[in-house]
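Asks: According to TrEMBL:
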type	residues	note
DOMAIN	53-233	domain 'tRNA(Ile)-lysidine/2-thiocytidine synthase N-terminal'
BINDING	GLY56, ALA57, SER58, ASP62, VAL88, GLY166, ASP171	ATP binding site
REGION	322-351	region 'Disordered'
DOMAIN	358-388	domain 'Cytoplasmic tRNA 2-thiolation protein 1 C-terminal'
Amino acid sequence: MPPAACLRCGNRAVIKRPKNHHKLCKECFLSVFEDEVHHTITSSKLFHPGERVAIGASGGKDSTVLASVMKTLNERHNYGLDLVLLSVDEGIKGYRDDSLETVKRNAVQYEMPLQIVGYDELYGWTMDQVVETIGKKGNCTYCGVFRRQALDRGAKMLSIRHVITGHNADDVAETVLMNLLRGDLPRLSRSTSIITGSSSSEVKRSKPLKYAYEKEIVLYAHHKKLDYFSTECIYSPEAFRGTARTLIKSLEKVRPSAILDIVRSGEDMARLTPDKGQDACGCDEDEAIGGCGSANGRTSGSELAQMEARLKVKQRSTELETEISANGTSADDGSVKLPIRGGRRQKEKPVGPLQTLGQCIKCGYMSSQEMCQACTLLESLNKNRPEVSI
Ligand SMILES: [Zn+2]
Ligand SMILES: [Zn+2]
């Protein structure tokens, strides 16, 4: 079989894009991937020149690719952004301490300052201690609530009001599907928006990789030879999310565009859903779980882990990669530019006067309840603390 030619430049193609099965050479793949993220950023007016932006960095592939692409685009297109890495140390031995080493190397490689905030110092609990107390079940809920607040607080320590995270199209599609299955349209609508500014936080969140396929993120990291940490969180994710993930991977096999189709459908449904105001409870725990540095909790036997392993083996890598990305039939939909749906108003700033937003009576964190979610969880935890010696 003669080698396939790159769709863009005619050179030898080594990659079949998981997203649309276009055959590309390495250079064209990297540049198309970057162009698409750039398009996402500009068409949704994500940043303004001079803005200080914190990249939520876990050391995993998503946030490492995000940091690398942001550095590239910031320089190439003169965004004028001041980029900082922000990491949360959940206190998970053998997982987070190792991945933080990766983030520290990334900080040097990308010449970005790094700030680390620990659950330990913020809450007086590490995740290892939480799991010791409540067991493995449901611990992701704690971790998600704690992480969200930790990122906010870390950003505030740095006087930064915008945090970007490595959520990809697969994560968004999972969340859409989960909320659809739960019949929770308001949350579905919030989860699809690229900026998830919350009324309970002064810090804006956004996800520039929202339209990037997870498999392409792995390919990008591989071909750019990025230094990332691929072991997953040792505490398993919520079962329901795992089921949604499996379902999406199956759909992707028969219809590669399924992931983007679900994201777009979510966006369309969001436009039809009455705006309930942004996230009054400030929880969005799905979101937080998606942001878990666990490579989003993939199980090690997953297709993705196999793909990463195969990429690592990498002798005769050119043939391999073309083969790796192949699944199902070729859907030649030709479109490379990503459609960003217009017409969605983004709230630049948290809604002020309409909503009565107080502060948590315990910690002072912005909250629509008397006590913020983290403090509520902490209170029940502290009741169960085995023995406190002060
Ligand atoms: Zn090419
Ligand atoms: Zn609180």
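The backbone N, Cα and C atoms fix where each Cβ goes, and this holds for glycine too.
Please treat TrEMBL annotations as automatic predictions, because they have not gone through curation.
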Asks: Taking the Cβ of SER58 (ATP binding site) as centre, how many other Cβ atoms lie within 10 Å?
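Replies: There are 28 of them.
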Asks: Do you know the DSSP helix, strand and coil residue counts for the domain 'Cytoplasmic tRNA 2-thiolation protein 1 C-terminal' (358-388)?
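Replies: So the domain 'Cytoplasmic tRNA 2-thiolation protein 1 C-terminal' (358-388) is made up of 12 helix, 4 strand, 15 coil.
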Asks: By the DSSP assignment reduced to helix, strand and coil, which category contains ASP171 (ATP binding site)?
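Replies: Note: ASP171 (ATP binding site) is helical by DSSP.
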Asks: DSSP three-state call for ALA57 (ATP binding site): helix, strand or coil?
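Replies: Once the DSSP labels are grouped into three classes, ALA57 (ATP binding site) ends up as coil.
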Asks: Taking the Cβ of GLY56 (ATP binding site) as the centre, how many other Cβ atoms fall within a 10 Å radius?
Replies: 26
